[in-house]
Amino acid sequence: MGKEEKTHINLVVIGHVDSGKSTTTGHLIYKCGGIDNRTIEKFEKEAEELGKKSFKYAWVLDKLKAERERGITIDIALWKFETPKYHVTVIDAPGHRDFIKNMITGTSQADCAILIIAAGTGEFEAGISKDGQTREHALLAFTLGVKQLIVAINKMDSTNWSEPRFNEIVKEVSNFIKKVGYNPKAVPFVPISGFEGDNMIQPSTNAPWYKGWNKETASGKHSGKTLLDAIDAIDPPTRPTEKPLRLPLQDVYKISGIGTVPVGRVETGVIKPGMVVTFAPSNVTTEVKSVEMHHQQLTQGNPGDNVGFNVKNVSVKEVRRGNVAGDSKNDPPKGCDSFNAQVIVLNHPGQVGAGYAPVLDCHTAHIACKFSELLEKIDRRTGKSVENNPKFIKSGDAAIVKMVPSKPMCVEAFTDYPPLGRFAVRDMRQTVAVGVIKSVEKSEKTGGKVTKAAQKAAKK
């Protein structure tokens, strides 16, 4: 590839607690990635002192996780690795307390999920049982728009690389992911041993029967042997540059000598100096004077970029975290009076009825919203209605709900602007439900503030 920039992709790793996620992820990062030898040697030494011979890779990840949990920001390079085609970032692995919330409000949308399944006797069955986390994670990934999936069948060494066991698991898992919504034909099934590092990067020599994986997607047929091959064969993501701008604000700074600087991640569209932007729901319109990222001036900010931009005649009191910036001339963002969403209740101890008012985390907004009407209960898999106007919904149920925010907020339909159309419902310090927004009733407010800078720019 020479010096050309490789495409960046984001991976999320899902699967049951003991499926070997850490070991497998650790191995990829260890072998293809961002962990330098010095760090590895340090970890290896510590592992030996603790008698953790099994260290190999999980230890690396445990160290990173522990540091992350304690709020030590670790060098994010540690969560990166490379394939021939891609720069890969592992954006999260479950088990992390806020996994579900991260996956929804997530700083980034995953392009692909790797589902890790343990092949050991009894282990596989436990992971995929009715109440299994595996089902929940796979369903979440699918519901939240992670379109591509890779299945890694791990711990094959514990089955002596048994072909019948592999085939049995492939058959079961195919049925399982089909129920969730994925097409098994588009999914590579890769036998591996994360612990031994077998068939991860180099083809295994332990499975003469294994001819490799195949998948067929919109981009054609692909085949390969190893897990790394499967990651390299992910269909390249399309970044939503063509859509109108949506930029949820993470913070707003006041910088002396410069003025007001909102900061956030461009989710769709582009932002450039000279553009006249509208903030919703605060309904303020002004001109963008400059855009920068990592202290460098940009001619434009693209989807995925975390940018700061300087705006004139707007005080820090007028725009805040949770507001959304958009192009005033191209489908500008608006506040909403209410919205309808498909809500899936994950773990709520009681019943949820009309009037329930938990906090919603949607992009960077964190606002209490009332479940004002339960419109219909639906089958999670097919999306078909099974009951109109149910009185209550409980854990495991999915429903279309009319939601009313307690104060102005800006959201969008998931089909129009995915990152602004999915949310986590938080209550009792945990994620009790997730939702995907179907339609939005926008506030048709007129007479918002239009700054002098915006009026001038309009005349140009």
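For all residues, glycine too, the Cβ spot is worked out from N, Cα and C.
Small disclaimer: the values here were computed from a predicted structure and weren't measured.
Record features (Swiss-Prot):
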type    : residues              : note
MOD_RES : LYS3                  : N6,N6-dimethyllysine
DOMAIN  : 6-241                 : domain 'tr-type G'
BINDING : 15-22, 92-96, 154-157 : GTP binding site
REGION  : 92-95                 : region 'G3'
MOD_RES : LYS317                : N6,N6-dimethyllysine
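Feature map: annotations from Swiss-Prot on the structure.
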{"residue": "GLY15", "record": "GTP binding site", "CB count, 10 Å": "28"}
{"residue": "LYS21", "record": "GTP binding site", "CB count, 10 Å": "26"}
{"residue": "MET156", "record": "GTP binding site", "CB count, 10 Å": "28"}
{"residue": "LYS317", "record": "N6,N6-dimethyllysine", "CB count, 10 Å": "10"}
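The average pLDDT the prediction assigns to the region 'G3' (92-95) is 55. LYS317 (N6,N6-dimethyllysine) falls within neither a helix nor a strand when secondary structure is assigned with DSSP, and so counts as coil.
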